[in-house]
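So that you can see what the record holds, here are the features copied from TrEMBL:
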COMPBIAS  1-12  compositional bias 'Basic and acidic residues'
COMPBIAS  28-39  compositional bias 'Basic and acidic residues'
DOMAIN    71-482  domain 'Major facilitator superfamily (MFS) profile'
REGION    1-54  region 'Disordered'
TRANSMEM  67-84  transmembrane segment
TRANSMEM  104-124  transmembrane segment
TRANSMEM  136-157  transmembrane segment
TRANSMEM  163-186  transmembrane segment
TRANSMEM  198-218  transmembrane segment
TRANSMEM  230-253  transmembrane segment
TRANSMEM  303-326  transmembrane segment
TRANSMEM  338-358  transmembrane segment
TRANSMEM  365-387  transmembrane segment
TRANSMEM  393-414  transmembrane segment
TRANSMEM  426-447  transmembrane segment
TRANSMEM  453-474  transmembrane segment
Amino acid sequence: MATHTHHNDSHPHNVPSDAPVVPLGDDDIIKHEHEHVEDSAAPVPESFRDKTEDERKAMEKKMVRKMDMVIMPIMGVLYIMNYVDRSALAATKVYGIMEDLGMSTTDFATAISILFAGYIPFQIPSNLIMTKVSRPGLYICSAAVIWGAVSACTAAAKTYHHLLVIRVMLGVTEAVFFPGMIYFLSAWYTKNELGKRLSALFMFQMVGNAFGGFVAAACLTLDGRYSIAGWRWLFIVEGVVTIGCGIIGALFMPEFPHNARLLKPIERDYAVWRLEMEAGAGEGSDDTSTLGGFKLALFDPKVWTMVWCMGMGQAMGSIVNFFPIIVNTLGYNKTGTLLLTAPPYLLAAVVFYTISWISDRRNLMYPIIMTCLSVAIVAYVIAIATLKIPGRYFAMMLMPSVCSGPQIMLYKTLNVHMARPYPKRAAGVAMMNAIGGISNVWTSYLYYDAPHYYAAFGCVLGCTISFMITITLYRLYVQRMNRLLGGTPEQQRQAMKSGVTQQQVDLGWRYIGY
């Protein structure tokens, strides 16, 4: 967060070379966030320059509420449909799709993973395009309409190869949404607000997964209606609903803050200014090119650290892709299996709300990640060690929470630690999600040898440990960078080589949360 301190010279951070370096804690940085605004690198716009601090806070509260009332419900519903459409195939395994399309277990794993052949490579170009379109909300919602139509087409698949083609196309069309959504939210919300919004979306996802089991069970009761198999009904219903949600969302989704019709002119000025106060020039004024931002992300080791950690997190999260199959090892019937998938996701929603509240209130990310990973180790060890229903279902109750919780914090880390220039942030988010998402491909082939799944649980256990080691090394790195940023001008110039801009240095910007 930005802090502004008193200095007598022209540069806000020039200090004698022999002055002691006193690093600021996150709480200190937050405390001084808006001090000496007029002297900062983000001057106060004339439209609200004469307003008092209380008047600005009241305006901000009203503005954020307005943003939440429009952006979050649309994004949340689309996120539910995005995940439901992508993961519906896992629910159909217990209802005959393999027999109808003549698929083996390996074929089914390929059908799951081949979606990422389209999903992974198109995320980065999509996010780079999004930085240049004037109506990013319409861009996202239009993609939802297209992927809903593609998902519904799965019901028409007559052979295994038809299914593969449709899954690749579904991956291409869905590639727009998730990294675009993360980037879009980071262009609207401050770092103190972003964690709760990201967690809210993951809560939407978990609630969607929970009720997805009920919806799947309901759709599959239509088996045989009009001579259509139950699994085909599932794709028809979910695809049509997604199309409808995308069309409705397109009518209301706003643009970027600097040109949003959702906000009054004074609110637009304030929305842009408060973001620039944190990290420098925003979407409306940054002159970094799209290709330039991509190159900055490509050669930044911090981005690749996030990519690696996301790859480990996505490997852990691969359990969700096969969750109905894992729950099926408990020995219940088909409907019971789908219904038992709901409680773990509902618990995850509660966990996400809790960790987001703690993260935004205390500016913590690293401790939350490490706590989730520690609990994950316990869950995987239990799953490996026993087939007894109480122990294994207890482990399954924990898995969705410990898989996705660290991912939320990674998205927040990248958007806060690499906030500017904004094309770099957009590229970084897409790289993290796309390249990290490759784990969903190779992990699809680990879920064999039921009911033990030794290979799958053993592998994700190793990924968890790798995640812990890597994120701890990252913590040591950013702590060193913070010491340099709080030091002499020469030390600050050294820190700028890692990607910090001069404007961020002028604002007293720091890597927080670690």
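Any Cβ shown, glycine's included, is placed from N, Cα and C.
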Segment-segment contact (the transmembrane segment (393-414); the transmembrane segment (303-326)) at 3 or more Cβ pairs under 8 Å: yes
Range from 67-84, 136-157, 338-358, 426-447 with the greatest count of C-beta pairs under 8 A to the transmembrane segment (104-124): 426-447
The transmembrane segment (230-253) in contact with the transmembrane segment (136-157), cutoff 8 A, at least 3 CB pairs, sep 6+: yes
Contact call for the transmembrane segment (338-358) against the transmembrane segment (163-186), three or more Cβ pairs under 8 Å: no
Confidence summary (mean pLDDT) of the domain 'Major facilitator superfamily (MFS) profile' (71-482): 86
For the transmembrane segment (426-447), sequence-distant contacts whose Cβ falls under 8 Å of one of its Cβ atoms, 6 or more beyond its ends: 106, 109-110, 112-113, 116-117, 119-121, 123-124, 126-128, 130-131, 175, 178-179, 182-183, 186, 293-294, 296-298, 300, 303, 306-315, 317-318, 321-322, 325-326, 410-411, 414-415, 418, 453, 455-456, 459-460, 463
